[in-house]
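Report on the following structure.
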Amino acid sequence: MSKFLEEALILEQREVAQQTYRLRLRAGRMAEAACAGQFFMLQVREGMDPLLRRPFSFHRIHPGEGNIEVLYRVVGRGTWWLSRCAPQTRLNLLGPLGNGFQLPRNAGSPVAIVAGGIGIAPLCELIHRLLASRGTLEARDIHLFYGARSAGELLPESDLEDLGISVYRGTDDGSLGYDGFVTDLFRKTAEEKHIKPSVLYACGPLAMQYHVARWALEHRVPSQLSLESLMACGIGACLGCALPASAPAGSTADHYVHVCKDGPIFGAESIQWHKIQTHGAPPPIFLYS
Amino acid sequence: MSKFLEEALILEQREVAQQTYRLRLRAGRMAEAACAGQFFMLQVREGMDPLLRRPFSFHRIHPGEGNIEVLYRVVGRGTWWLSRCAPQTRLNLLGPLGNGFQLPRNAGSPVAIVAGGIGIAPLCELIHRLLASRGTLEARDIHLFYGARSAGELLPESDLEDLGISVYRGTDDGSLGYDGFVTDLFRKTAEEKHIKPSVLYACGPLAMQYHVARWALEHRVPSQLSLESLMACGIGACLGCALPASAPAGSTADHYVHVCKDGPIFGAESIQWHKIQTHGAPPPIFLYS
Amino acid sequence: MVASGTFGYGEEYADFLDLTQLGAVVVKGISLAPRPGNPPPRLVETAAGMINAIGLENVGVDVFLESKLPYLRDRHVPVIVNIFGNTLEEYAELAARLDGVPGIVALEINISCPNVKSGGMIFGTDPAMAARVVDAVRRSTTLPLITKLTPNVTHIGEIARAAVGAGSDMLSCINTVAAMAVDIFTRRPKLANIFGGLSGPAVKPIALRCTYEVLQAVDCPVIGIGGIATATDALEFLLLGARAVQVGTANFIQPAVTAEILRGMELFLRVQKLQSVEEYIGTLDRQCLFPFAEIACGMTDLP
Amino acid sequence: MVASGTFGYGEEYADFLDLTQLGAVVVKGISLAPRPGNPPPRLVETAAGMINAIGLENVGVDVFLESKLPYLRDRHVPVIVNIFGNTLEEYAELAARLDGVPGIVALEINISCPNVKSGGMIFGTDPAMAARVVDAVRRSTTLPLITKLTPNVTHIGEIARAAVGAGSDMLSCINTVAAMAVDIFTRRPKLANIFGGLSGPAVKPIALRCTYEVLQAVDCPVIGIGGIATATDALEFLLLGARAVQVGTANFIQPAVTAEILRGMELFLRVQKLQSVEEYIGTLDRQCLFPFAEIACGMTDLP
Ligand SMILES: Cc1cc2nc3c(=O)[nH]c(=O)nc-3n(C[C@H](O)[C@H](O)[C@H](O)COP(=O)(O)OP(=O)(O)OC[C@H]3O[C@@H](n4cnc5c(N)ncnc54)[C@H](O)[C@@H]3O)c2cc1C
Ligand SMILES: Cc1cc2nc3c(=O)[nH]c(=O)nc-3n(C[C@H](O)[C@H](O)[C@H](O)COP(=O)(O)OP(=O)(O)OC[C@H]3O[C@@H](n4cnc5c(N)ncnc54)[C@H](O)[C@@H]3O)c2cc1C
Ligand SMILES: Cc1cc2nc3c(=O)[nH]c(=O)nc-3n(C[C@H](O)[C@H](O)[C@H](O)COP(=O)(O)O)c2cc1C
Ligand SMILES: Cc1cc2nc3c(=O)[nH]c(=O)nc-3n(C[C@H](O)[C@H](O)[C@H](O)COP(=O)(O)O)c2cc1C
Ligand code: FES
Ligand code: FES
């Protein structure tokens, strides 16, 4: 799979949830080449401020129309500039990058998807692909557990429920749906409803992924977790996007995988979760001062 | 005269000559406070690229309409970004700065103005003020010598000739009007037509200003030359905008004036021209690569 | 505080801010005799920074005391005088002249300016020389002494220790980073002085590292300088343990930036529920965590 | 050329450029044994720059020779191997292993990486230590040697002289500038390693100054590195006298940037009516002129 540079054009940009924007880009080659779960590096602004590209998932891929959609949350300088770009602005893309999601082999059994916050972004394309290739599976056997900190941060109902899949929503502050973390919602619901997914997909903050990973390992369910790291190049050259990983058999040395070229999709078993210590992020207000 | 910050709005931007743009800004306070020959520091783009503000002269000041005009040439990164700003963009101004032109005391005698290239910018407002306050002087006793490297870089006729003043044009490459440097055009014309200006105004490249200054000193004509230097602050704090100046009486030490607070208008006698060594500027093409 | 050489003598900024808000104004470096400074060009802009080679142009201590200091003193703005000499004797004499002058609260010894031929950097890059300058000044004044360090050394901690050992009450760091720029068309330097000092946002990561090293080397109060343009920038230095900060280049771009930084810091303290900045200073936890992604979801309970 | 650590092992960029265009590929620093590198986070963006603390993660010399080198060799791309050891013996053994391997045209000795605990910077900041490393490598190989210098020293010229004295055929400068970044909210460093190396456009003015100083100190060929992102940047280093340049961080932003730089340089030479870049290298005239305003009008005949 070869990667390339493409000059994209902003067709539309809309705020779809709190601090969350959906961007539609005309990018014919990228739309043709990209798979669900892959990502691209976007130069959010011309010039040297900010300096580096930013990684974004393909939220939707429309090869027919020659365009792609990006769903992003404003968390810092780069995404803030991006949110201020008007239609017709040109943006340079580098992609498609990374491994992408694998669709389940046995099309008959249910699938679970856990999305935390902006982690929903790549999962939307995945859901569409699952629906398109589901064979004998009913749409409602695709179980989406979708949580965020607060109601305002969730995507509107119609975007997801209309697809006929089973959607379970929750918020950390209880302002909508289940009151608590989405991983608890998932754990409880899976138990109560005896959901035994053939594959567990997830995207969201690392703290969430850790809980998802633990569940997957406990229940011996194959998992495909879309993980993040800080990236400079996106193509495996800088070695900056490392995550602590289980060492190859026979080795006890520290070992790292690189999210951009080995991922961003990893099985729960390949990451050494106990070596990752995360923390809450800053209130966005200060990032732009 | 106090200086202040004002958030201006781009009303209009037009390319009026080769690489030369006229920008109309809504900036009510600035339009009220500014005088011909003063300048302001403009933040050409949000963020840190470029880092510093850029100095620009008031090309026209319309206190009635609450707006100002800027005439600028694209010569580097800052002016290039500026040329790409669309109407409705907000730009931060710091001004009004510097001393400004003095109108002649004896309103009866002719006035000569030498403009080189983009040096025409502040002189347009000056011409309007001269016309407004000219008393018994006829418009055609205002003699404007206006040169540039090539015809394409000159402002269109109508902008100047329509005012009724005497305009003499020239180009270094002979593509329009007098074939040669504008200072030669001035020297020759002044001699032939026995023009004895009460004041000699000029703005343009330092090499041109040197010749103008020499003429003024030779002919003992009071001069007001608008000079440039590289500026960081524009308000006398950084001491970066120095030009070598004649030392105060009794001193032999090196002495410098600061264009932003002692100028930008200087008499020919106050600068030590032999200490300024200039050179041609780069072809713009490379500045943006 | 505002950094030396970037705030003139205070007056230049009176149109934009209430100078009494400032902790102190560090005035442009002063020498015994007036100095004309370097020939122009003296400035060049670089990526997120600028290089200056002003050459310590200043009016000299006499004119300073007569016609510059009164402006700030009359407004009750504490003044820190940045001093500079070509020889040890000049430093000492200058310090003596400023001793006991009302309005002056401290001296900042500039041993680190890269833009002059003699003195300056030579004093700042050798621990023994640095100690001699500080010692000479210390003997000539009862004012609190701040020694301003240069980043252009292998071990900034050693210079810091030497300065404190010789009697410096505080340290400030950093001065500008030695740099240069050339013009590919004229094939000449962009500064008449060839070399100059880099400042602005570009140097902040270097300044933070230097401040951290200095804080590890000495126990005295340290003032952080370098690339500060926002409250966030200022807080970074305080987090490391700096007791105060100076704002330099950012004043040129936003003349009211210091007031904005103070406002931003107050907001930050309020949001973080801190009573005073003292509670924040030096609270860095050296263990790093994964810095991202939690924003998407409130979870923070990892193993 | 492309700089070590920013171009992987070449393969990563094959989709974006014709690797045979490049003068050489300097591969990611190689050590005897594989190194896992530092724990993440390893990167942080700064104003016009970035700080990295990769910790010299690499596959080790065996895997490199077996599975990385052949790719470049098969494409006839000259390879310069950036080498790094914890001890003199490791440097020497590594050099011996690479001696005579087809495809390798030179070794670049990394004595200047600030991101590892042992070795690295210590070798690079002391002239005597630098000389010992170079000497050890020199005795173990017949390949041309390039010593890569760190800017984090008081006198880079001294290190340069020491390296050349010990047998380095060429020098390259600069490696990254020691730097750090902290998070004001979590009150922690932004890099697990606390310190890292600053690179990118922000450091170009420092790199130019270092290159200039090195060129004044030694006579051997010097390779300029630091913040190069355009043909103009590259030409600035050549103007000072650097015989070649390496592009680092810019590769991350524009993977085809080296090809663009080569195109830009060709255009420049054509416009300047130069037959070859040799005619341009080192033609800096140290006398500065007023750099501006002439653009407005063609006059250049000043006294
Ligand atoms: C493979 C991949 C796919 C991604 N897809 C999406 C997506 O579809 N939608 C979306 O909104 N975001 C996505 N992200 C995260 C997105 O890249 C970051 O939010 C963005 O880079 C932040 O840039 P900024 O300049 O706004 O923030 P900065 O000012 O750079 O930083 C602000 C905060 O964001 C964190 N941050 C910076 N870079 C990253 C990063 N690469 N990953 C995670 N956090 C980061 C910083 O640590 C900091 O806390 C993805 C990340 C990866 C690695
Ligand atoms: C008091 C004053 C009034 C001015 N009024 C006008 C005006 O009305 N219209 C106009 O087009 N220009 C004016 N200038 C010049 C204008 O400021 C510069 O052209 C502009 O700053 C260049 O910025 P840049 O980023 O495009 O160029 P850069 O990328 O910074 O540099 C490109 C070239 O322009 C030169 N340059 C940079 N700054 C200046 C400067 N301050 N003065 C002169 N040359 C500079 C550089 O040396 C270089 O050769 C004025 C300058 C001063 C000092
Ligand atoms: C134009 C200019 C002039 C300066 N003059 C002095 C000076 O006279 N004495 C001094 O100690 N530092 C001087 N400095 C250094 C600053 O005080 C400060 O240490 C440095 O600029 C880094 O801070 P910044 O990045 O916030 O500008 C000067 C800096 C600039 C940009
Ligand atoms: C991510 C990264 C990894 C690097 N790894 C190495 C390395 O392994 N060996 C080395 O000598 N230099 C290494 N460097 C330094 C670069 O080769 C170069 O000297 C430096 O980045 C300055 O150039 P630049 O500003 O063009 O990036 C690395 C730089 C970066 C950004
Ligand atoms: S982002 Fe550079 S290696 Fe992954
Ligand atoms: S531009 Fe700063 S003193 Fe004139």
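Cβ coordinates are placed from backbone N, Cα and C, and glycine is handled just like the others.
If you look up TrEMBL, you'll see C:C113 marked as active site, nucleophile. The FMN binding site feature in TrEMBL is assigned to C:S4, C:K28, C:G29, C:N82, C:N110, C:K148, C:I174, C:G200, C:G226, C:G227, C:G248, C:T249. Positions annotated as substrate binding site by TrEMBL: C:K28, C:N52, C:A53, C:I54, C:G55, C:L56, C:N110, C:N175, C:T176. Marked as domain 'Dihydroorotate dehydrogenase catalytic' by TrEMBL: C:1-267.
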(request) Do me a favour and check the Cα-Cα span between C:G226 (FMN binding site) and C:T176 (substrate binding site); whole Å is fine. (result) 8
(request) Please report the number of other Cβ atoms within 10 Å of the Cβ of C:N110 (FMN binding site). (result) 30
(message) Based on the record's binding annotation for substrate (C:K28, C:N52, C:A53, C:I54, C:G55, C:L56, C:N110, C:N175, C:T176), what whole-number value in Å is the widest Cα to Cα distance?
(response) 16
(message) Among all protein chains shown, how many Cβ atoms are found within 10 Å of the Cβ of C:A53 (substrate binding site), not counting that one?
(response) 31
(message) Rounded to a whole angstrom, what is the C-alpha distance between C:G55 (substrate binding site) and C:G29 (FMN binding site)?
(response) 10
(request) Compute the C-alpha separation of C:T176 (substrate binding site) from C:N110 (FMN binding site), stating it in Å without decimals. (result) 11
(message) Helix, strand or coil by DSSP: which one applies to C:G226 (FMN binding site)?
(response) coil
(message) As a check: which entries in C:K28, C:G55, C:N110, C:T176, C:G248, the binding-site residues, place their Cβ less than 6 Å from an atom of ligand 3?
(response) C:K28, C:N110, C:T176, C:G248
(message) Across the domain 'Dihydroorotate dehydrogenase catalytic' (C:1-267), what does the mean pLDDT come to, as a whole number?
(response) 92
(message) Whole-number answer please: how many Å between the C-alpha atoms of C:I174 (FMN binding site) and C:K28 (substrate binding site)?
(response) 15
(message) Tell me the Cα distance separating C:A53 (substrate binding site) from C:G248 (FMN binding site), rounded to the nearest angstrom.
(response) 15
(request) Tell me, if you would, which residue among C:G55, C:G248 (binding-site residues) has the fewest other CB atoms within 10 Å in the structure shown? (result) C:G55
